[in-house]
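Novice: Quick paste of what TrEMBL says about this protein:
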type	residues	note
DOMAIN	B:15-520	domain 'Cytochrome oxidase subunit I profile'
TRANSMEM	B:27-50	transmembrane segment
TRANSMEM	B:71-91	transmembrane segment
TRANSMEM	B:111-138	transmembrane segment
TRANSMEM	B:150-178	transmembrane segment
TRANSMEM	B:190-213	transmembrane segment
TRANSMEM	B:250-268	transmembrane segment
TRANSMEM	B:280-299	transmembrane segment
TRANSMEM	B:311-331	transmembrane segment
TRANSMEM	B:343-367	transmembrane segment
TRANSMEM	B:379-403	transmembrane segment
TRANSMEM	B:424-442	transmembrane segment
TRANSMEM	B:462-484	transmembrane segment
Amino acid sequence: MSTQDSTGHEEYYVPESSGMAISATIGLVLSIFGAANVLNDMTFGEPGAETNSWTIFIVGLFWFAATLFVWFRTTIRENRAGMNSAQLKKSYVLGMFWFIFSEVMFFFCFFGALFYVRVLVGPWLAGEGEGGTMNYLLWEGFDYSWPMMQTPQEAVGGAGAQLIANNGDFVSPHTSMAFGEVEHWWHWLPMWNTLLLLSSSVTVHIAHLGLLANNRSKFNIWLGISVLLALGFLYLQYMEYHEAYVLYGLTLDSGIYGSTFFMLTGFHGFHVAMGMTMLLIQWLRSIRGGHFTADDHFGFEASSWYWHFVDVVWVMLFLLVYIL
Amino acid sequence: MGDHHHGPAKGLKRWIFATNHKDIGTMYLWFSFAMFILGGSFAMIIRAELFQPGMQLIRPEFFNQMTTMHGLIMVFGAIMPSFVGLANWMIPMMIGAPDMALPRMNNWSFWILPPAFLLLASTLFMEGGGPAFGWTFYAPLSTTYAPPSVTFFIFGVHILGLSSIMGSINIVATVWNLRAPGMTWMKMPLFVWTWFITAYLLIAVMPVLAGLVTMMLMDIHFGTSFFSAAGGGDPVLFQHIFWFFGHPEVYIIILPAFGVVSQIIPTFARKPLFGYDSMVYATASIAFLSFIVWAHHMYTVGMPVSGELFFMYATMLIAVPTGVKVFNWISTMWRGSMTFETPMLFSIGFVVLFTIGGFTGLMLSIAPSDFQYHDSYFVVAHFHYVMVAGAVFSMTAAVYYWLPKWCGRMYNETMGKTHFWISFVGFNLAFFPQHFVGLAGMPRRIPDYALQFTDFNMMSSVGAFIYGGSQILFLYNVIATIVAGQPISDEKVWEGAEGLEWTVPTPAPFHTFAVPPQVK
């Protein structure tokens, strides 16, 4: 309630006590407890044993999603009822900005791991540099190349590999995700995905321009196109994973190449799905509720920031995972 | 606007549905104290076992679980949430804000903590036991050789990270956006400054920790090879990522402590803080340097010499801004009209003992000599001087300093001073001898030791019991104050205190600064 008091200062809206946080906690904790049990059943449990882990996980997830729905709905309604002062809106802007920064650091972690493995660990395992003694002590016969098409375990082979502490058999792929033959360039999915995602960033921007010009149909159309492009990206990524597992033998078990590949592209894909959901919700809000005006549309703007962030991460991925 | 000047809700609802920064701060503080007692009781078990050489009380596997859980609970459950609680209480009152910027998220940040620790503590009762790989959970101990309960540990860490990130975003938004008119950046109280910088450290490194435990999860359950050289990964990768988080983490713990001490010493020296600007710049420099020194925790892991040298020199550089701070605290006291109430005693104790911890840190930063100290009790002594005599002493000082403001009642000064002296003696008796046994070669994280270390270990255990016992006195004093302390009503509880928090009534009403004050 952005009312002014007698001294001319704006009062800050402090919400009433709220049950949403505790409900979100219950949902989150249930789903995580369930997920941990699902994983432990899978890895350490007796095969075929009956457990409730999946049920707990799914109930928790739905509970959590429902709470978030109510929470966002409340926030949107408060804003539409004019309860948010300019100052509070700035708090939301700051919150979103630094949240995206934390996401940047999350990806930084995996890119850092990729850098360390490719630039330092690989050569060391192959006997180069100051860490090179590892090669003749443990991994004799291992040659390093990236993408790694033969794991150190396979290079040593047989009984030698069993002596060394590891958590499984790492079977390398026979084909990598790198660019293949020039004459079949259009088969290369990452290129199409790059095109899709880059153009979706442009279409989101066009939608924003439409909103700023009070052009509702332009906003709706271009935002809708962005969501479709995102959907296309996810479909192609699904195809790509299918190819990797079925045709290339590239899996999570394929040594560090598969590990980094699936971790980076997988988390990116998950973020694309999140961003797409956010854009979709903004689209529905505009279509069904006529939400957003030229000067008050932070729900959309936050989603578009997130979308541009996802796009930038993809460009990094495309360069560092697929091309270089 | 009358409807917003309501009092707190009644009963349990007040706490579960809280959006008020003071209520949430109170919950953080009590929760962290409960964790302090839990983690402390694990420490008592450790010291009881180490009272004599040989195995007396517990099995080695359980000993490892105790050292692991002691570290995790103290770092993530006791120290960090206690400072978040303090931030919740004090930052809005210090900058003239009505509340935190995002009050409902604030509630959520708190309420996911207790279940996360329940998850973590419950691992002790699971098949295969709780985490036994040390609080640093190095792979492959925490992956290939971990008990099944590690999955719960991993998800627990995820929740803690979520809580910290949301808490810090809230603090950043509050400080950016809710300062009262006239409260310019270089007028902010130092506690606000240190927390503002700490919040950035948290936002930057907690996601990295989340990424790290996610890699562990993948290695354990999905056959990836991040930390397995057999697949082309590297266990040392774990250590690099962990300490990229872990080193800023130690500043996350100590920077707010710096802030607290920088508030208290001027009050009882009755002089403004010496070198305010340099304090701010020193804090920022420490925060920056904390990102480029992580590998000084891993000198013996087999890094290239160029790496050892870089991390050694960068680490030594931290002594410069830290030295600036110690110099400024001492200069603040110089020729001040000093009195020695309990908060001041703990603050001076902080300055002296933290400096000792800083110097041993400097010794450890020297790569060639670290080869001798590494993983010995010398390291244990070093980080307990900065964690306990640093962070916990300053937190204790903060409670004594602001408790009268919070509840409108004065604590028992004699009991407070007694608490300080017992703590001070107990702490030093516990940890000073550990420098000696460490230098003489006693390794850390071991349930048994060679006979020649017996005397010092007995002293250490006695000191630890004294320090642990003195916390009961602290608890008693705090509860007695809240229930039946001498009521006070002066806005300024301490005559030398400066700042907006001392302009509101005592006890601080449920809502303060609904209308922002004008700061001159």
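Note that Cβ sites are derived from N, Cα and C of the backbone, with glycine treated the same way.
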Novice: Where does the mean pLDDT land for the domain 'Cytochrome oxidase subunit I profile' (B:15-520)?
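Specialist: Here the predicted model's pLDDT, averaged over the domain 'Cytochrome oxidase subunit I profile' (B:15-520), is 95.
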Novice: Under a criterion of three or more Cβ pairs within a distance under 8 Å and sequence separation of at least 6, are the transmembrane segment (B:71-91) and the transmembrane segment (B:462-484) in contact?
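Specialist: Between the transmembrane segment (B:462-484) and the transmembrane segment (B:71-91), which are separate recorded stretches, there is no contact, as judged by 3 or more close Cβ pairs.
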Novice: Would you kindly list the residues that approach the transmembrane segment (B:280-299) from elsewhere in its chain, counting only those six or more residues past its ends and only Cβ-Cβ distances under 8 Å?
Specialist: 186, 190, 193-194, 197-198, 200-201, 204, 236, 239-240, 243-244, 246-248, 250-251, 255, 258, 307-308, 311-312, 314-315, 317-318, 320-322, 324-325, 328, 364-365, 367, 370-371, 374
Novice: Do any residues, 6 or more residues outside the transmembrane segment (B:462-484), come within under 8 Å Cβ-to-Cβ of it, and if so which ones?
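Specialist: For the transmembrane segment (B:462-484), the far contacts come to 33, 36-37, 40-41, 43-44, 47, 388, 396, 399, 403-404, 407, 409-412, 415-416, 418-419, 422-423, 425-431, 433.
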Novice: Answer with yes or no whether the transmembrane segment (B:150-178) touches the transmembrane segment (B:379-403) by the criterion of at least three Cβ pairs under 8 A, sequence separation 6 or more.
Specialist: no
Novice: Where among B:111-138, B:190-213, B:250-268 do we find the most Cβ pairs under 8 Å to the transmembrane segment (B:150-178)?
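Specialist: By Cβ pairs under 8 Å, B:190-213 leads among B:111-138, B:190-213, B:250-268.
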Novice: At a C-beta cut-off of under 8 Å, are there same-chain residues at least 6 beyond the transmembrane segment (B:27-50) that contact it? List them, or none.
Specialist: 15, 18, 56-58, 63, 66-67, 69-70, 73-74, 77-82, 84-86, 88-89, 110, 113-114, 117, 121, 392, 399, 430, 447, 449, 457, 460-461, 464-465, 468, 471, 475
